[in-house]
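Q: My structure is below; once you've seen it, I'll send some questions.
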Amino acid sequence: MASAATPQPSPPSPKAVRVVVKGRVQGVFFRDWTVETARALGLAGWVRNRRDGTVEALLSGDPARVDEMVSRHLPVGPRAAAVTAVLPSPADPVDPAEGFTRKPTA
């Protein structure tokens, strides 16, 4: 009697959020740190400075990794940063093949 193959769970649907990070987040290598951290987590998206002094990022990928970036990493940031708020909002996922990049100031 042949046993039925155990179905493999499908990977979770990608999640994406757009975040605005407030505080002392410009001039402290926040963008480079974000690129490095997001890539280490396997996320796609981008990060950029904004003219109002905040940093904006789009984080896309495995929902648990996106949540980890938003709740554990961004509130701390690099050593010289002083984050006062991380404001996430839903976004459309991006193609993982795009990787994670740094964009010009907007």
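Each residue, glycine too, has its Cβ placed from N, Cα and C.
Automatic, uncurated: that is what TrEMBL annotation is.
Quick paste from TrEMBL:
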DOMAIN    16-104  domain 'Acylphosphatase-like'
ACT_SITE  ARG31  active site
ACT_SITE  ASN49  active site
Q: DSSP-wise, what's the residue breakdown of the domain 'Acylphosphatase-like' (16-104) into helix, strand and coil?
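A: Residue counts for the domain 'Acylphosphatase-like' (16-104) by secondary structure: 25 helix, 34 strand, 30 coil.
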Q: Measuring Cα to Cα, how many angstrom lie between ARG31 (active site) and ASN49 (active site)?
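A: With distance taken Cα to Cα, ASN49 (active site) is 8 Å from ARG31 (active site).
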Q: Across all chains shown, how many C-beta atoms besides its own are within 10 angstroms of the C-beta of ASN49 (active site)?
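A: Its Cβ has 19 other Cβ atoms within 10 Å.
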Q: Using a 10 Å cut-off, grab the number of neighbouring Cβ atoms around the Cβ of ARG31 (active site), all chains included.
A: 21
